[in-house]
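Working notes for the structure below.
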Amino acid sequence: MGALTLILGGVRSGKTAYAEEMARRLAGDDVLYVATAAAHDEEMQARIARHRAQRPPAWQTLEATHQVGAAILARPAPPVILVDCLTVLVANVLLPFEDPFVQAASTAVAEEVEGLLRCVDQVDAHFLVVSNEVGMGVVPPYPLGRAYRDLLGWANQAVARRAETVLLLVAGIPLTVKGAR
C-alpha cells in the first residue's frame with residue numbers, strides 16, 4: 001500500500017512547486033509526474049510547457065486525462081508519483097456532461113477518484129496529489145461552476161480521508177492540515 005500526501009491550495013499558491021520540491025527530496029530523479037491537463041488552447045500549451053521546463057529532465061512523465069489510476073498501474077512504479085492535478089482531472093471528467101447535475105456526472109467523478117485511490121492502495125510508492133481548494137470562495141453564479149466546485153470539494157474530501165498527510169499552501173507557505181510534514 002502506498003503513502004498519500006494531498007497538497008491543496010488556491011490558484012498560484014505554490015502547491016505544484018512545493019509538490020515538485022517534495023518529490024525531489026523523497027526520490028531525486030526517480031519520479032513519475034502524472035500530468036492531467038490537455039493542451040486545448042495556446043494559453044494551456046504555454047502553461048504545460050512552463051511546467052515541463054521546471055521539472056528535472058530525468059523525471060518520467062505520464063499524460064493521462066482520464067482513468068489515471070489504471071494508467072499508473074499499467075507501468076512500473078518509481079518511489080514517488082506526483083499527480084498534477086486533481087482539479088483538472090475532475091474537470092476532464094465533468095465537462096463532457098451536458099447537465100453537470102445529473103447523477104451520471106457525480107458517478108463518473110466518484111469512479112475516477114476511487115480508481116486513483118485503488119491505485120494508491122496497490123502501488124508501493126509515495127503519491128503526491130495536487131489539487132485546488134475551491135470551497136473557500138464565492139458561490140459560482142452559473143450551474144456548471146457550482147457543480148464543479150461541489151464535485152471537486154467531494155473529490156478533495158475523498159482523497160484527504162485516505163491521505164496520511166494533507167497540506168494547505170497559502171502564499172507559498174505549507175500549513176499542515178492532517179498528519180506530519
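Yeah, the Cβs are placed from backbone N, Cα and C, and that goes for glycine too.
Note: TrEMBL annotation is automatic and uncurated.
Listed in TrEMBL for this protein:
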type	residues	note
BINDING	A35, T36, A37, R52, A53, Q54, R55, E63, D84	GTP binding site
ACT_SITE	H51	active site, GMP-histidine intermediate
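Distribution of TrEMBL features across the structure.
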{"residue": "A35", "record": "GTP binding site", "Cβ neighbours (10 Å)": "21"}
{"residue": "A37", "record": "GTP binding site", "Cβ neighbours (10 Å)": "19"}
{"residue": "H51", "record": "active site, GMP-histidine intermediate", "Cβ neighbours (10 Å)": "17"}
{"residue": "A53", "record": "GTP binding site", "Cβ neighbours (10 Å)": "8"}
{"residue": "R55", "record": "GTP binding site", "Cβ neighbours (10 Å)": "19"}
{"residue": "D84", "record": "GTP binding site", "Cβ neighbours (10 Å)": "23"}
As a whole number of Å, the Cα atom of A37 (GTP binding site) is distant from the Cα atom of the residue listed as 'active site, GMP-histidine intermediate' by 11
What whole-number distance in angstrom separates the two most remote CA atoms of the GTP-binding residues A35, T36, A37, R52, A53, Q54, R55, E63, D84? 16
In terms of DSSP three-state secondary structure, what is the assignment for A37 (GTP binding site)? coil
If I take the alpha carbons of A35 (GTP binding site) and H51 (active site, GMP-histidine intermediate), what is the distance between them in whole Å? 10
From the Cα of D84 (GTP binding site) across to the Cα of H51 (active site, GMP-histidine intermediate), what is the distance in angstrom? 10
Helix, strand or coil for H51 (active site, GMP-histidine intermediate)? Use DSSP. helix
